[in-house]
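Engineer: Sharing the record's features from TrEMBL:
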| type | residues | note |
| --- | --- | --- |
| ACT_SITE | ASP175 | active site |
| ACT_SITE | ASP189 | active site |
| TRANSMEM | 63-88 | transmembrane segment |
| TRANSMEM | 108-129 | transmembrane segment |
| TRANSMEM | 141-159 | transmembrane segment |
| TRANSMEM | 179-207 | transmembrane segment |
Amino acid sequence: MAEATSDTAAGSNTTAGADGAVGSGGAVGSDVAAGAVGSDGAAGAVGPDDAATAGRPLRLRTLLIIAAVLLGLDLLTKVVAVATLTPGEPVYLIGDWLRFSLVRNPGAAFSMATSMTWLLTLVAAAVVIGVIRIGRTLRSLWWAIGLGMVLGGALGNLIDRLFRAPGPLQGHVVDYLAVGWWPVFNVADSAIVCGAILLVVLTVFGFEPDGTRTHRQSAEENTEEKTV
């Protein structure tokens, strides 16, 4: 009887040991699994800046709508100016301060670089291509407005250079609006200048095309470093 009791005790101890081993193994397994999930979660985590950027809508459509409206307005006013105005015979609206005066301009906006028509044509084409490429990933509304203005103006004057006399790449741009002492200009010139000014202001204040703000992020990073 004593031997049977001893064997029974030994068997129970062995069983308990095995159960303990399995239990600890299960605990280890769960820890490993949890660690794996944690590491995967960390690897797949998306930063707040990335999430905010991804949540902003693309602005290419806004850019193209603004460009199309300005282009249409520019082409329409040029057609009217050519049909109703005579070169050298200005129409005064408010004394000498505001007048319509039809001018054929071989140069850039506001009659600059008049001897480089072909080069200005190539520059305008490059600007159009560059704006469209940037616009494909654009998420800032204000950048879309600025680039849309530049694109609409560049297209308006580019069409003149391609299709007006004296010939392709050498066409003279139609200007018709004069304000005070300022050189004669058109809607396209105004759109290009105003759009460029807006883009410069956005850049100076740290507003990026993707909708984020560089200066604000830098300030937050500096604050976090000081806190640590």
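The backbone N, Cα and C atoms fix where each Cβ goes, glycine too.
So where do these features actually land, and what's packed around them?
Structural biologist: In the three-state DSSP scheme, ASP175 (active site) is classed as strand. Cβ contacts within 10 Å of ASP175 (active site), excluding its own Cβ and spanning all protein chains shown: 25.
The secondary structure of ASP189 (active site), as reduced to three states from DSSP, is helical.
Residues 59-60, 62-71, 74-75, 78, 109, 121, 124-125, 127-128, 131-132, 134-135, 173, 186-192, 194-196, 198-199, 202, 207-209 of the same chain sit 6 or more residues outside the transmembrane segment (141-159) yet have a Cβ under 8 Å from a Cβ within it.
Long-range contacts of the transmembrane segment (179-207) within its own chain (CB-CB distance under 8 A, at least 6 residues past either end) are made by residues 70, 73-74, 77-78, 81, 96-98, 101, 103, 105, 109-111, 140, 142-143, 145-150, 152-157, 173, 213-216.
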Engineer: Note down the number of other Cβ atoms within 10 Å of the Cβ of ASP189 (active site), including every protein chain shown.
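Structural biologist: Its Cβ shell of radius 10 Å holds 24 other Cβ atoms.
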Engineer: Cα-Cα, whole number of Å: ASP189 (active site) versus ASP175 (active site)?
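Structural biologist: Answer for this pair: 9 Å between alpha carbons.
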